[in-house]
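Trainee: Take a look at what TrEMBL says about it:
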type	residues	note
DOMAIN	6-119	domain 'Response regulatory'
MOD_RES	D55	4-aspartylphosphate
DOMAIN	130-231	domain 'OmpR/PhoB-type'
DNA_BIND	130-231	DNA-binding region
Amino acid sequence: MINVRTILVADDDINIRQFLKIRLSYLGYNVIVATNGQEVLSILEKEKLDLIILDIILPQIDGYKVCRILRKFSRVPIILLTALANTLDRIRGLDLGADEYLTKPFAPDELEACIRSLLIRSRKRNDFNPLVIEVGDLKLNIIKKHVFKGGKLIRLTLIEFNLLQLLVDKAGEVLTRTAILDCIWGYTSYRYIDTRVVDVYVHRLRSKLEQDLSAPNLILTIRGKGYMFQIVGN
C-alpha cells in the first residue's frame with residue numbers, strides 16, 4: 001500500500017494556494033490548504049501532517065507565532081515560504097524551528113527538492129535510536145536535545161543543537177559553510193546571504209560554549225575553508 005504524504009499549504013494568496021495544491025497533488029501528495037494562522041492550528045488538531053509550507057505574513061496569527069506554538073508539541077517539518085528576504089527574518093524563522101526558509105518569488109523545483117529532502121530526514125529522525133554523545137566535557141542527549149558542559153545544562157535552540165551535533169560528529173574535519181547549509185538546512189547555496197546564516201549560528205554556539213570568544217578552542221575557524229570542531233580535554 002502506498003503511503004501518501006499529507007502537506008499543509010498556508011498562504012493568504014489564493015494564487016499561490018491554488019498553484020501549490022495543483023502541482024503538489026499532481027506529484028502524489030495529499031494537499032490541505034489554509035488561509036490564516038488560526039486555521040493552521042485548527043487543522044493541526046484534526047489532521048496528521050507530514051510537512052507544512054507556511055507563509056509568515058498571515059492574517060490572525062502570523063507564521064512566526066505558528067512556528068513557536070507548533071514546536072511546543074510537534075517536530076513536523078516546516079518550510080517558511082515568504083516575501084521577507086532579510087537575513088534577520090531568515091534567522092528568526094529558523095530560530096523558531098522552521099527547517100527551511102525560501103523566499104518569493106520561488107522556484108517550484110527548488111521547493112519540491114526541499115520537500116523531498118525534509119520528508120527523507122523526517123523519516124530517518126522517526127527511526128532514530130536514543131544516543132548520548134560525550135566529547136571532552138560536553139554531553140549531548142540526541143533525543144532530548146540537551147547539552148551539558150561540565151555538568152551544567154546549556155540552553156540551545158534546535159538549530160544550534162543540530163549544528164553542534166554535526167560539528168561534533170565530524171570532529172577533526174573541516175566543514176565548509178555550504179556543506180553545513182546542506183546538512184542543517186537541506187540545501188546548497190553559494191550566496192553570501194545564505195552562508196552568512198552559518199556564521200551567525202557558529203557565533204551563537206561559541207558564545208554559549210567557549211570560555212574566550214576571542215580565542216575559541218572548540219569551534220575553530222579554518223581560514224578560507226570553514227569550521228572544525230576540536231576535541232579538548234579527552
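Here the Cβ of each residue, glycine as well, is placed from N, Cα and C on the backbone.
These numbers come from a predicted model, not from an experiment.
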Trainee: How many of the residues that make up the DNA-binding region (130-231) does DSSP mark as helix, as strand and as coil?
Mentor: 39 helix, 24 strand, 39 coil
Trainee: Let me know the model's mean pLDDT on the domain 'Response regulatory' (6-119).
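Mentor: Residues in the domain 'Response regulatory' (6-119) carry a mean pLDDT of 92 in this prediction.
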Trainee: With every protein chain in view, how many other Cβ atoms are within 10 Å of the Cβ of D55 (4-aspartylphosphate)?
Mentor: 26
